[in-house]
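As given in Swiss-Prot:
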- Asp153: active site, proton acceptor (ACT_SITE)
- Glu16, His17, Thr18, Asp19, Tyr205: substrate binding site (BINDING)
- Ser50, Gly103, Ser104, Gly105, Leu106, Ser107, Ser108, Ser109: ATP binding site (BINDING)
- Ser109, Glu141: Mg(2+) binding site (BINDING)
- Arg10: site 'Transition state stabilizer' (SITE)
Amino acid sequence: MTVSYGAPGRVNLIGEHTDYNLGFALPIALPRRTVVTFTPEHTGAITARSDRADGSARIPLDTTPGQVTGWAAYAAGAIWALRGAGHPVPGGAMSITSDVEIGSGLSSSAALIGAVLGAVGAATGTRIDRLERARLAQRAENDYVGAPTGLLDHLAALFGAPKTALLIDFRDITVRPVAFDPDACDVVLLLMDSRARHCHAGGEYALRRASCERAAADLGVSSLRAVQDRGLAALGAIADPIDARRARHVLTENQRVLDFAAALADSDFTAAGQLLTASHESMREDFAITTERIDLIAESAVRAGALGARMTGGGFGGAVIALVPADRARDVADTVRRAAVTAGYDEPAVSRTYAAPGAAECR
C-alpha cells in the first residue's frame with residue numbers, strides 16, 4: 001500500500017535558542033510542506049529520491065550514524081530512530097517533494113524527518129503519539145545527523161494548526177494553542193528569506209549550546225530555566241562574560257515569549273512587533289547569531305513601517321519575519337529588496353505567510 005504523508009516547515013515567532021535551555025517558544029506551522037510518498041517492499045533497504053537532488057540514496061534498514069550523508073541522512077536518521085525504539089520499518093521506495101527552502105531557517109530538516117516518520121508509521125499501521133514522534137525526530141537529528149537541536153521544530157510541525165501559534169514550555173513539554181490571526185487586525189506576517197543559507201550541523205550552533213550549558217553549571221543548575229525567576233542578577237555568578245551574555249539572552253527571551261503571547265491575547269500587534277525587534281537585538285548583541293545581511297533586512301523592514309522584525313531560526317543566515325500593517329506590506333517588501341541589492345546581496349524572497357495545519361497523512 002502506497003501512502004503519502006506531509007509535514008510543514010515552521011516559523012518561530014519568538015523564542016530562539018530557548019528550547020534546549022528548557023524555556024519557552026512560540027512557533028507556527030507554515031503552509032510550505034515536505035511530502036513523503038512511501039511504497040513498502042520486501043527488501044532490506046529503502047531507496048529514497050528527492051526533487052531537490054539528482055539520483056537516489058540507498059538507506060539500509062540497519063543503518064547506523066555516519067553511514068548515510070547529505071540530505072538522505074535526515075531520512076536515514078528517522079529510520080534509525082524508529083527501529084531503535086522497536087517500531088517496524090519495511091524496505092521500499094520513498095519519494096520526497098518539498099517547497100520548504102533548505103537552509104532558510106524554516107526547519108526543512110524537521111519537515112523531512114517528520115514526513116518520513118509519518119509515512120512509515122502510516123504504511124505499517126503503527127500508532128505513535130505526537131510527543132513520542134517529536135522525541136524520535138529529535139534523536140534522529142541529534143544522534144544520527146549530528147545537529148544538536150532541541151524539540152521546538154518537531155513540536156511545531158506536529159502540533160501546528162490554522163490561525164494558531166503554539167506556546168511551548170520545554171521544561172514540562174506542554175503545548176498550549178494561542179490564537180494568531182494578524183489578518184483580522186489588518187496586519188500581515190511577512191517572511192523575508194535572505195537567501196543566505198545556514199546549517200545546524202555546523203559548529204556555531206553547538207558552541208552556543210555549550211556556552212549555555214557552562215553558564216548553567218556555573219549557576220549550579222541543570223538548565224538556565226531553573227534561574228528564570230531569579231532575574232538577571234543571578235548571572236553575576238557566571239565566570240565567563242561571553243557565557244553570561246548568552247544566558248542573558250535566554251532569560252530575557254523567555255520573558256519576551258510570555259509577553260508576546262499576552263500581546264496576542266489582547267490583539268496588540270504593536271506591542272508584539274516591539275518584542276520582535278527586541279528579540280532581534282538580543283540575538284545580535286548577546287547571542288551573536290545574526291549577520292550583517294540579516295540585520296540589514298530586519299532594520300530596513302522596521303524603518304519602512306513594520307511594527308517589528310527579527311531573524312527566525314537558529315541563526316547565521318536564513319529568514320527574517322516582520323509584523324506589518326497590511327497597507328504598508330508592499331512598501332516594506334520593496335524597501336527590503338532594494339536595501340539588500342544596494343548592499344550587494346542577493347534580492348530577498350519576500351512573501352506573506354500564516355499559521356497552517358501540522359503534519360498529517362495526505363488523503
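Glycine is no exception: its Cβ is also placed from the backbone N, Cα and C atoms.
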Neighbouring CB atoms within 10 angstroms of the CB of Glu16 (substrate binding site), all protein chains considered, total 28
Within 10 Å of Ser107 (ATP binding site) (Cα basis), scanning recorded positions Arg10, His17, Thr18, I find Arg10
For Ser108 (ATP binding site), the close binding-site residues (Cα within 10 Å) drawn from Glu16, His17, Thr18, Asp19, Glu141, Tyr205 turn out to be none
One should report the C-alpha separation between Gly105 (ATP binding site) and Glu141 (Mg(2+) binding site), rounded to whole angstrom, as 15
Rounding to whole Å, the Cα atoms of Leu106 (ATP binding site) and Arg10 (site 'Transition state stabilizer') are apart by 5
Widest Cα pair spacing in Å over the listed ATP contacts Ser50, Gly103, Ser104, Gly105, Leu106, Ser107, Ser108, Ser109 is 20
Quick tally, other C-beta within 10 angstroms, Arg10, His17; top of the recorded positions is Arg10
